[in-house]
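One structure below.
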Ligand code: 3EB
């Protein structure tokens, strides 16, 4: 399906072998060369960044396998000399389905991820977690050798790692954005951002309301006032995004989401639309992006 501005709506179904390389997720263009693999981790190095991808195979439960994979990811980034993890992407099969233990798959994933972060005490990176037609849990990671990384929160939202227990036994381990300061300049990685105020979904069932709330959240995260309160001397608006990806739950919403993104971000921002399920069944749209 192609939208009115020629943006293809792809069904998110990542082939494990080409993860990352295939998707050009990092926001630095799609020229990730296939690099090495170490066990089940595949990785490539380019321009001072490390890109890693790995897959947890389909299972009836995920927490322990996700914890173990994260431990491997943390170890690899240290071993190959890219200790600063800027960004993670998660593509979760049957994300709103139920495990053998009766827990929603996304919530079970969050348990394993939280245990891994508790073990290492790492800075919460920016992240996205969306559904995939591909079974299992696919993880992509972007890390850097050098630079100061600051985790950014949103004053309009409870930090995800402090969500109350009604959203699952372990809170999601991510920050709303990360700001990477390097000699060459700064990069802002915006996490998947949705229509959540405080910790609750705003405007369930109302696409226009969810889009407006989502864009408001994005503006709040990247605004100069918010970055200043995190000690970051920078400030942005929606038009500063180089590229954004909008994940859309219902294919029928493509045209509306595309038009809204065009209007909100303007002509200077590359917009990609992907059909994907989202981590709360009442969310209709989620937007992530990069500012360089
Ligand atoms: C939210 O704000 C919406 O679990 O890694 C967005 C980005 C969301 C990342 C994650 C989840 C994640 O809670 C969902």
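Each residue, glycine too, has its Cβ placed from N, Cα and C.
Model, not experiment: these values are computed from the prediction.
These features come from TrEMBL:
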DOMAIN    36-143  domain 'Chorismatase FkbO/Hyg5-like N-terminal'
BINDING   106, 113, 163, 176  substrate binding site
ACT_SITE  286  active site, proton acceptor
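Location within the structure of each feature annotated in TrEMBL.
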residue: 106; record: substrate binding site; Cβ contacts under 8 Å, 6 or more apart: 92, 95, 96, 129, 168, 279, 280
residue: 113; record: substrate binding site; Cβ contacts under 8 Å, 6 or more apart: 66, 67, 70, 170, 172, 173
residue: 163; record: substrate binding site; Cβ contacts under 8 Å, 6 or more apart: 171, 172, 199
residue: 176; record: substrate binding site; Cβ contacts under 8 Å, 6 or more apart: 126, 152, 153, 154, 157, 159, 160, 190, 191, 193, 217, 221
residue: 286; record: active site, proton acceptor; Cβ contacts under 8 Å, 6 or more apart: 128, 130, 192, 193, 194, 214, 246, 247, 278
Residue distribution over DSSP helix, strand and coil in the domain 'Chorismatase FkbO/Hyg5-like N-terminal' (36-143): 33 helix, 43 strand, 32 coil
Mean per-residue pLDDT computed across the domain 'Chorismatase FkbO/Hyg5-like N-terminal' (36-143): 92
Maximal Cα-Cα distance (Å) across residues annotated as binding substrate, namely 106, 113, 163, 176: 18
Three-state secondary structure, which DSSP defines for residue 176 (substrate binding site): coil
Mapped DSSP class for the residue listed as 'active site, proton acceptor', helix or strand or coil: strand
